[in-house]
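One structure below.
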Amino acid sequence: MIDQYKHQQLRIGLVSPQQISAWATKILPNGEIVGEVTKPYTFHYKTNKPEKDGLFCERIFGPIKSGICACGNFRIIGDETEEPKFCEQCAVEFVDSRIRRYQMGYIKLACPVTHVWYLKRLPSYIANFLDKPLKELEGLVYCDFAFARPIAKKPTFLRLRGLFEYEIQSWKYSIPLFFTTQGFDTFRNREISTGASTIREQLADLDLRTILDSSLSEWKEGPTGNEWEDRKVRRRKDFLVRRMELAKHFIRTNIEPEWMVLCLLPVLPPELRPIIQIDGGKLMSSDINELYRRVIYRNNTLTDLLTTSRSTPGELVMCQEKLVQEAVDTLLDNGIRGQPMRDGHNKVYKSFSDVIEGKEGRFRETLLGKRVDYSGRSVIVVGPSLSLHRCGLPREIAIELFQTFVIRGLIRQDLASNIGVAKSKIRENEPIVWEILQEVMRGHPVLLNRAPTLHRLGIQAFQPTLVEGRAICLHPLVCKGFNADFDGDQMAVHVPLSLEAQAEARLLMFSHMNLLSPAIGDPISVPTQDMLIGLYVLTSGNRRGICANRYNPWSRKNYKNEKWNDHNYKYMKEPFFCNSYDAIGAYRQKRINLDSPLWLRWQLDHRVVASREAPIEVHYESLGTYHEIYGNYLIVRSVKKEIIFIYIRTTVGHISFYREIEEAIQGFYRACSYGT
């Protein structure tokens with residue numbers, strides 16, 4: 001489907017029988033209408049040609065070879081002077097053979113058949129619409145019991161018995177005895193309704209607007225006051241909400257409920273269910289062909305029974321209708337009703353649902369997962385030194401992705417006379433190649449995608465940089481948007497080629513522009529997993545307490561009893577530092593550990609200090625100054641009790657974390673001031 005903006009899209013939904021017929025029907029020049037598949041045959045065993053009106057019929061689906069009919073006649077495709085467009089003998093149209101990839105056929109079912117997706121899948125749409133238990137509807141569809149229905153509001157033979165099951169076994173045998181075969185057929189059509197035709201009649205009688213109004217009025221009813229009754233009311237209201245949403249969807253999309261019961265069964269184009277000849281002359285066929293054959297066989301049998309209904313017992317007709325329903329169920333979803341159908345080698349047939357669902361299905365493997373040019377794939381690893389909008393590309397991947405641009409750069413700078421010379425320089429890994437590659441990558445973003453792409457943040461743009469190794473380096477903060485982690489996940493990298501694609505990547509898709517979740521608006525670039533553990537280790541410190549650190553001999557490994565003459569650090573149980581640079585320098589020289597408690601001179605508000613907290617210890621100096629030691633800070637006072645210095649008790653990890661936060665806030669303010 002192509003919308004008004006020329007965007008190609010695919011939509012799956014219910015269609016009317018008229019639409020199915022329009023997809024498959026063709027009118028020949030002689031007035032004959034083709035499109036219905038009536039025979040369960042594929043290819044003739046002698047001529048190896050498709051059987052007429054079979055599953056591979058050239059009249060219905062188009063010629064196998066372009067411009068050549070079944071008789072062997074040839075016409076030039078697209079030549080307006082060539083007449084006629086159809087072969088007069090075999091009625092095959094002279095068109096391109098690619099028509100067999102999209103030209104459909106149909107099977108006219110002898111009885112209505114419910115679509116098993118809408119009956120058996122949970123929630124059951126048919127059960128929701130009819131407001132009846134699923135088990136009850138299944139028994140009705142598969143002819144296990146029947147409805148007694150009044151005609152034109154007149155009393156029936158069954159006295160409005162309603163839904164009845166053959167619990168009284170005499171009902172099965174008394175009705176045929178009271179009526180002749182012909183009379184039983186008339187009686188059943190007038191008095192009894194069973195099979196999918198009953199479901200279709202009830203769905204056709206539904207008024208979606210009435211369902212909305214009645215469900216809404218029932219939903220507005222208040223509680224009864226009884227606890228058990230209120231629980232039933234809540235469950236009923238949940239069901240009514242689902243029913244109203246379903247009715248709104250059908251109204252909005254112009255879908256009729258009776259379309260969930262099939263009268264015409266679409267037949268896939270033959271190229272989507274091929275028969276391939278392998279070594280030894282053997283044929284390998286798609287499982288769907290065998291399932292289609294089973295449907296046609298049973299449908300033709302039912303058609304024959306109905307044409308000779310005057311001599312056919314009604315029970316036999318009902319049994320055959322059940323077989324047709326089961327055959328269509330197996331075609332659409334094998335095994336949904338229990339034991340799946342198997343071939344002679346005890347292998348389960350792949351139904352239509354098996355073909356399209358899952359990772360190896362038609363959608364994810366063929367439509368969504370197609371291989372494209374200018375793309376690569378590799379395992380992701382953490383790159384903590386990268387900026388948020390950058391990613392690290394291995395040299396091997398980068399030179400392949402940007403090889404065309406590198407060749408153009410070599411030729412423009414007169415470093416290579418032609419493409420062959422440029423490729424040889426690339427193969428030899430000359431230094432100039434990597435310089436040109438870095439220039440190319442500096443102005444060219446790349447797209448990273450992690451399957452499955454479930455929302456917008458599943459694919460984001462990054463500025464690439466060259467890294468060693470064979471893995472893609474990624475900033476850990478962008479992993480949540482991709483739902484990725486570093487336990488072996490793989491990502492695909494794509495190169496946007498057109499100027500429009502590059503502009504879209506830069507303006508809309510860069511990772512530092514997608515910091516909020518598009519669904520709920522919460523921040524999505526938040527620390528998770530390894531980062532949380534790292535922040536915990538960085539800021540945990542030694543939590544045994546100030547007294548334990550001072551008097552526990554096992555905790556003194558971080559600060560030995562010796563003077564550091566080169567920095568003139570005065571040792572007092574825990575080291576003192578005038579600024580954070582000295583503390584980090586001592587850590588880099590391995591004089592203290594990351595979680596070593598230390599005293600850092602700090603500018604602290606005096607109002608915070610002027611509290612009623614009593615000091616743990618007070619150390620007096622010979623000159624009259626003294627130190628008041630509290631739990632998390634230390635005050636140096638003069639003889640006049642004036643505050644000279646204030647130290648806070650911290651660790652190198654806390655200092656590093658604080659500096660990173662401070663730099664980030666300052667960068668944010670600079671960016672805001674630059675933007676205004």
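Placement of Cβ uses the backbone N, Cα and C atoms for every residue, glycine included.
Taken from Swiss-Prot, the feature Zn(2+) binding site covers CYS69, CYS71, CYS87, CYS90, and the record attributes it to sequence analysis. Per Swiss-Prot, Mg(2+) binding site is recorded for ASP485, ASP487, ASP489.
Structure with Swiss-Prot features highlighted.
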residue : record              : DSSP (3 states)
CYS69   : Zn(2+) binding site : coil
CYS87   : Zn(2+) binding site : coil
ASP485  : Mg(2+) binding site : coil
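When the alpha carbons of CYS90 (Zn(2+) binding site) and ASP487 (Mg(2+) binding site) are compared, the span between them is 61 angstrom. The Mg(2+) site is set by ASP485, ASP487, ASP489; from the centre of their CB atoms, other residues of the chain with a CB within 8 Å are ILE380, ALA484, PHE486, GLY488. Shown are the binding-site residues CYS69, CYS71, CYS87, CYS90; of these, the residue with the fewest other Cβ atoms within 10 Å is CYS71. A sphere of 10 angstroms centred on the C-beta of ASP487 (Mg(2+) binding site) encloses 8 other C-beta atoms.
Using a 10 Å Cβ-Cβ cutoff, ASP489 (Mg(2+) binding site) registers 16 neighbours.
Note: the Zn(2+) site is recorded as CYS69, CYS71, CYS87, CYS90; in the same chain, GLU58, ALA70, GLY72, ASN73, GLU88, GLN89, ALA91, VAL92 also have Cβ atoms within 8 Å of that site's Cβ centroid. For the pair formed by ASP489 (Mg(2+) binding site) and CYS71 (Zn(2+) binding site), distance between Cα atoms is given as 55 Å, rounded to the nearest Å.
The number of other CB atoms found within 10 A of the CB of ASP485 (Mg(2+) binding site), across every protein chain shown, is 15.
Between the CA atoms of ASP487 (Mg(2+) binding site) and CYS87 (Zn(2+) binding site) there is a gap of 62 Å.
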